[in-house]
Amino acid sequence: MKVTVNTLAKMKQDGQKISMLTCYDASFASLLEAAGVEILLIGDSLGNVIQGQTSTLPVTMDDMVYHTRCVARGTRNAMVLSDLSFGASQVSPQKTFENAARLMAAGAEMVKIEGGMVMAETVDFLTTRGIPVCVHIGLQPQSVNIYGGYKVQGKSETEAETLKRDALALQAAGASLVVMEMVASSVGKAVSEALAIPVIGIGAGVDCDGQVLVLHDMLGVYPGKKARFVKNFMHGQTSIQGAVEAYVKAVRASTFPADEHSF
Ligand code: KIV
Ligand code: NA
């Protein structure tokens, strides 16, 4: 059955965990959805894992559109979610809409934007004009040069409160989904409980409404540094299909992420 915003909302209501993985091509798209992954994210992590860049900043909207088309062709039931690349969502709500519309025309069903409260106006602009939005809060990889590295976010009590306040504001602005990256498990839990919309964690603890990983990380094929929140699901498996099924099962059973993958 087709996964829509309504499916995701109902899964949260029913306490069913949502599985998301990144995906960049048609062959993996059909494999991942056959294994039960609900959301395929064309992440700008393609800069790292496909292009060999050291950050997501060099990725262009043309790159995102190309990979969105590839994934959309291989997908029938999963939701297709695409990232706005660096520079595509920061200038104005109007420019963001133009870029997001390119992704929607390429086959995306929702777009993802990095940023907190500052993006509320943009979220409202897009969602009142036909484009569902996922907001990416906590660690925002496009802001790596502001942080001076990939660091756990929301560490102090005030920062954790700001995260929650931002998430609530973005939900009020019309966001359908949240991705929350690299925050303490307690923050992941508090934000997931505070929101009516689903919160998908990556390094945000087991109490989020779902989980996401970069495909190349969870298959153990990315040669770069492995983050604490990554688990190689190929271990003990004899096929990629088996590894992805093990991931979906672990997310559904809340056996992933374990404490060793959390902050
Ligand atoms: O680009 C990406 O892969 C992402 C995930 C880390 C959520 O945004
Ligand atoms: Na991304």
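The backbone N, Cα and C atoms fix where each Cβ goes, glycine too.
What TrEMBL says about this one:
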type	residues	note
BINDING	Asp44, Asp83, Glu114	Mg(2+) binding site
BINDING	Asp44, Ser45, Asp83, Lys112	3-methyl-2-oxobutanoate binding site
ACT_SITE	Glu181	active site, proton acceptor
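Locations of recorded TrEMBL features on the structure.
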residue	record	Cβ neighbours (10 Å)
Asp44	Mg(2+) binding site	30
Ser45	3-methyl-2-oxobutanoate binding site	24
Asp83	Mg(2+) binding site	33
Lys112	3-methyl-2-oxobutanoate binding site	24
Glu114	Mg(2+) binding site	23
Glu181	active site, proton acceptor	23
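Checking the recorded positions Asp44, Glu114, Glu181 against ligand 2 with a 6 Å cutoff on the Cβ atom leaves Asp44, in sequence order. Highlighted here are the binding-site residues (Asp44, Ser45, Glu114) whose C-beta falls below 6 Å from ligand 1: Asp44, Ser45, in sequence order.
The recorded positions close to Ser45 (3-methyl-2-oxobutanoate binding site), defined as a CA atom within 10 A of its CA, are Asp83 out of Asp83, Glu114, Glu181. Listed in chain order, the residues near the 3-methyl-2-oxobutanoate site other than Asp44, Ser45, Asp83, Lys112 are Thr22, Leu41, Ile42, Gly43, Leu46, Thr56, Val59, Met64, Ser82, Leu84, Ser85, His136, Pro141, each with its Cβ within 8 Å of the site Cβ centroid. Taking the C-alpha positions, the distance from Lys112 (3-methyl-2-oxobutanoate binding site) to Asp83 (Mg(2+) binding site) comes to 5 Å. Across the fold, the C-alpha of Asp44 (Mg(2+) binding site) and the C-alpha of the residue listed as 'active site, proton acceptor' stand 14 Å from each other.
DSSP assigns the residue listed as 'active site, proton acceptor' to a strand segment in the three-state reduction.
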